[in-house]
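> Submitted below is the structure of interest, expressed as structure tokens.
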Amino acid sequence: MAEVSVKQLATDIDTPVDRLLQQFVDAGISKSKADDMVSESEKQTLLAHLKKQHGGDEVAAPARMTLQRKTKSTISVQGTGGKNKEVQVEVRKSRTYVRRSALEDEQRQAEAEETARLEAEEKARREAEEKARLDAEEKARREAEQARREAEEKARIEAQQKARQAQQPAKAAGSTAQQEAEKMAKREAEELKRQQEQAALTKAEELAAKKAEEARVMAEQNAARWAEEEAARAKESSDYHLTTNKHAQAAEDELDRKEETSRRTAAAAKGPKKAGRREDDRDARNPRARKGKRGKVATPNAMKHGFNKPAAAVNRDVVIGETITVAELANKMAVKGVEVIKVMMKMGAMATINQVIDQETAQLVAEEMGHKVVLRRENELEEAVLSDRDETSEAKPRAPVVTIMGHVDHGKTSLLDYIRKAKVAAGEAGGITQHIGAYHVETDSGMITFLDTPGHAAFTSMRARGAKATDIVVLVVAADDGVMPQTIEAIQHAKAAEVPLVVAVNKIDKPEADPDRVKTELARYNVMSEDWGGDCQFVHVSAKSGQGIDDLLEAILIQSEVLELKAVVDGMANGVVIESFLDKGRGPVATVLVQEGTLRQGDIVLCGLEYGRVRAMRDELGREIKEAGPSLPVEILGLSGVPSAGDEATVVRDEKKAREVALYRQGKFREVKLARQQKAKLENMFANMTEGEVSEVNVVIKADVQGSVEAICDALVKLSTDEVKVKIVGSGVGGITETDATLAAASSAILVGFNVRADASARKVIEAESLDLRYYSVIYDLIDEVKQAMSGMLAPEYRQEIIGLAEVRSVFKSPKFGAVAGCMVTEGVVKRSNRIRVLRDNVVIYEGELESLRRFKDDVNEVKNGYECGIAVKNYNDVREGDQIEVYETVEIQRTL
């Protein structure tokens, strides 16, 4: 919604502007003038603030609600004497629901109380530590003062003694010796005082640290005990299933005790048994003496098992994979499948016992039944293999990967051809590119890797793959043709991959070239030139004369410097499959663009659903190489099969693990494919009902590379209409084999070979079965011929053309034909074999056929314009003068797509 001003909003809600500005300020939104604009998010913020201010968020609902359910049932219990009696069983269940806001308030209150308690404990601990420290310091100070006084007294006494001793032998030097003795005594007293103070201070610090440690340990012990008590209370309140099971078991045991008491009371009321014999002993000695209904021998008590029901529910660790059936889940939890289905129905999910459920649903069900869930990923091996890599080296600058994109016949391959100084466009059938070509060229400023993509509309997936694996997209636009559909699609691919664009305006040397028109048309799709303030470089080039090629390469290198492209050179390689095909002599061949690391001959490569050891590597010119670094395209041999274009190629350590991962991926791919085929949705029901009325053209496609197979399949499927559908019975890479021919014969399909041929065994089957085999090298021709085949299966269209018109001049009566109209042919010709319409006042009143056409009593086959004739209409006698008889014929028109 568009923004509105504060004044307009105040008018809409009928409130003064000053009040609305104050409300904005209260809500935390800075609005000071009536002309300020208000966005939709600010309106929502103001509305939420006003609701909260006026109590609009509160819901008038009870904070706690208890629901009670009572079910009654009757069970048949076998009593004494073989008679059954009916026992009424009543089960009462109670469940309490608490409003989330009330729970949150209680939780917040509990958290506040817990925080206050912890703060009080922390404060008490700090006070205890501070008190202990002050006591220790005071005690140390007193001890130091006492030690100082003792030291001074001791020093004074020793000084007096030394003075007296010095006076006896030498009274002549009395004054000088006495002064020196006093100085020495004073120094000794000060040293002793300092040592005693230091010892007292150290002792006080140790005592304070010890008391602080004791206080901390006491606080930690109390905190752990309090946390355990809190967790126990929370667990007891949250474990709903355990408490429910306990109550159910207690109720069941109480019911069993009541039944046993009533049965014993009834048996005692019948009278005492004969003395001297116990019934249990007699039954144990002679089992046949105790017979039940229909004379069957009852089971002795000694043969009955002594199993007791568990007193509480057993909580298990349930291991759940990515998918699991309901029966397997019930088996892991040791419950019946019916119980699991009941829980799922309560949760709102309908399932059968053999239905496969996903991991999240199974986790919810298991936790609902009180078990602990252990989730297991089935692709753990795959993740472990892909994560076991040595990528410790630092990243270094690498060459840019540039994709050439644009509309068909705009000169993409010719431009690249001039750069590579080789003739490639002439080698492509029809002069159009039908494969992704990967090449690298050395320039004066460095290496550049080019990917040449097809421009034809059928190769959308190829162009998307090229944009995904690239760093820079060069958009080639013909200066004389302008922006075309595939140009727009290339812009969309580049923006989806977030790749910068460099626009090359080609064919600039033509007289009708108009580069300004190209800039204007591209500006509609947010591709702005740097001259117009945008961020896209526009380079005028000519693939024919070579004009502007150096400028284009310089623009590419400048863009790559801005991107600061780096990659790990050393270590295990990682890349993407650009193209793949099946070579008759070499086997599966994949063109891989190395993105990081170094790919070496002999490495083990995991590539999508395939794996293998690299037996040989070749560059784009067919030369054997031993290793390839980042941004280099190479052909590798040695894979187990043809990988899909766009798959990630990764070097791994162990070939055995790579094989396991590839087999796991193949199994998952097969499961997904089968699930997609078997999924019958409600919206497809009517389409399936009318499926028998739709004609189908079955096609078996074989091509030279995987990308061409995808492009042809997509293009043919898009040709399908409501009346005729194209069904791809089979597709693959490589020559046409006997298996393909047999498949085409079984499904009455057309065999299509795109740049491939049939082998000898396949040709025998084709001749024997008279199959329709067609070879193509240009995708245009293939699509056109399939269109013609589909047109032949369309139901024809019928059109009615008026060939004559006769006017009734008079009406005669005939005993044989009834009313006969005497007519004048005014337009065209009246033929006896065609159908007619009778018009009165230009309104059709009858439609039928002629019974008789005569001229002068002679039967004729046709009467031309300007002649009179007699016309008898079959089964119609209400012909009047002035009516018109219109003669028409039905023409069949063949429809086309």
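A Cβ is built for glycine as well, from the same backbone N, Cα and C atoms used for every other residue.
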> Would you mind telling me which of 40-43, 452-455, 676-679, 880-883 Swiss-Prot tags as region 'G3'?
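That would be 452-455, the stretch labelled region 'G3' in Swiss-Prot.
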> From the ranges 506-509, 530-533, 546-549, 874-877, grab the one Swiss-Prot calls region 'G4'.
506-509
> Measure from the Cβ of Asp409 (GTP binding site) and count the other Cβ atoms within 10 Å, all protein chains considered.
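There are 15 of them.
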> So what's the mean pLDDT when you look at the region 'G1' (406-413)?
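When the pLDDT values over the region 'G1' (406-413) are averaged, the result is 77.
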> Let's check the environment of Ile508 (GTP binding site): how many other CB atoms sit within 10 Å of its CB?
22
> Can you count the other CB atoms that lie within 10 A of the CB of Gly406 (GTP binding site)?
29
> Please report the three-state DSSP label of Gly406 (GTP binding site).
strand
> Checking distant contacts: for the compositional bias 'Basic and acidic residues' (180-196), what same-chain residues at least six beyond its ends satisfy Cβ-Cβ under 8 A?
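Distal contacts: 144, 147-148, 151-152, 154-156, 158-159, 162-163, 166.
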> Could you tally the C-beta atoms, other than its own, that fall within 10 angstroms of the C-beta of Lys412 (GTP binding site)?
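I count 30 other Cβ atoms within 10 Å of it.
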